[in-house]
């Protein structure tokens, strides 16, 4: 968003322009040819990469059927929004930055500011919509499967654009100060104090708080599931070490009841270790081995499977079995830890990139209108902060799509033109 105009990072009569050029009384700087060339190359590269990256995401979702689901519809809509930023907003912003003054007239300036605020706000709110969708998916997976419909995605997308529209239109309807249009060489957003609070909180601070809460809860829910899986595996390992194994299914029933069986105390514990028998063995409370004896009807008599004697019993070999269980439990613990680290890393990248790109801009956008006479913002720093926010439109497709293996496969198909051959 165009909160700081080039050359107007401060309001002093002798301000430093970009790359050390000297400003005049209005803060507009004459720039050198080398500055214009370097700035044009840097900003041109940024715009080209942003257009290419977001266009590839849109093409991948449109061409690859496996990517056509509600979660990816939101990512696709984010890519369309960032593509609009890259095509409709960034070229005019780059021209303004390179020339260091506005040359396209007041009407175009109003349109530029409105598009800037609309598209950038919608892009930020799309990140909230994606966070909300992920939160519902992980905290209510069973019910949300039926609720996660294209219609719901369309409602979320429409809401992002509606809020963006409500934030971008007021300055065009007069919510601005007279000084906002006093300089024909400058094009800046309204510095009205009421609008400043309304726009910065609506476009950034409230969405930021919402994303922090949602991703915090997503992390807690994911960590709970991961640790629950580990505990379940550890319980299974403990059961195996304590000597519990499932009894074999009986072939016949006793007295008409399938699976007739009875428990008898056996001599396993007295022999100094578990004994292998023809029944399932478990430990009693007193440490004695209890052996399940399958009872079968043979003719008219009931026969019990013979209990093995202490001397003739075949000793089991639980050591290797227990070691295997311990290895499996340890492997699951390591996998769970790796998954937890990956969750932290992913959420850290998402929130870290968003905050890094937009927080400096919105701090300046909120503070500067309230201290115009006393605040000093170097012009170069103002330009860097401004374009750091714009660069979020370049980084979004990298974070939300290029790290996804399904998207990577679709991109490879696009590069190899496999979609063209299929048609």
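Each Cβ is built from the backbone N, Cα and C atoms, and glycine gets one as well.
When the ranges 8-32, 108-132 are checked against Swiss-Prot, the one recorded as transmembrane segment is 108-132. Among 352, 389, the residue that Swiss-Prot places alongside 345, 346, 403, 404, 405 at the 1D-myo-inositol 4-phosphate binding site is 352.
Both residue 37 and residue 374 belong to one identically named topological domain in Swiss-Prot, hence to the same side of the membrane.
Helix, strand and coil content of the topological domain 'Extracellular' (371-378), in residues and according to DSSP, is 0 helix, 0 strand, 8 coil.
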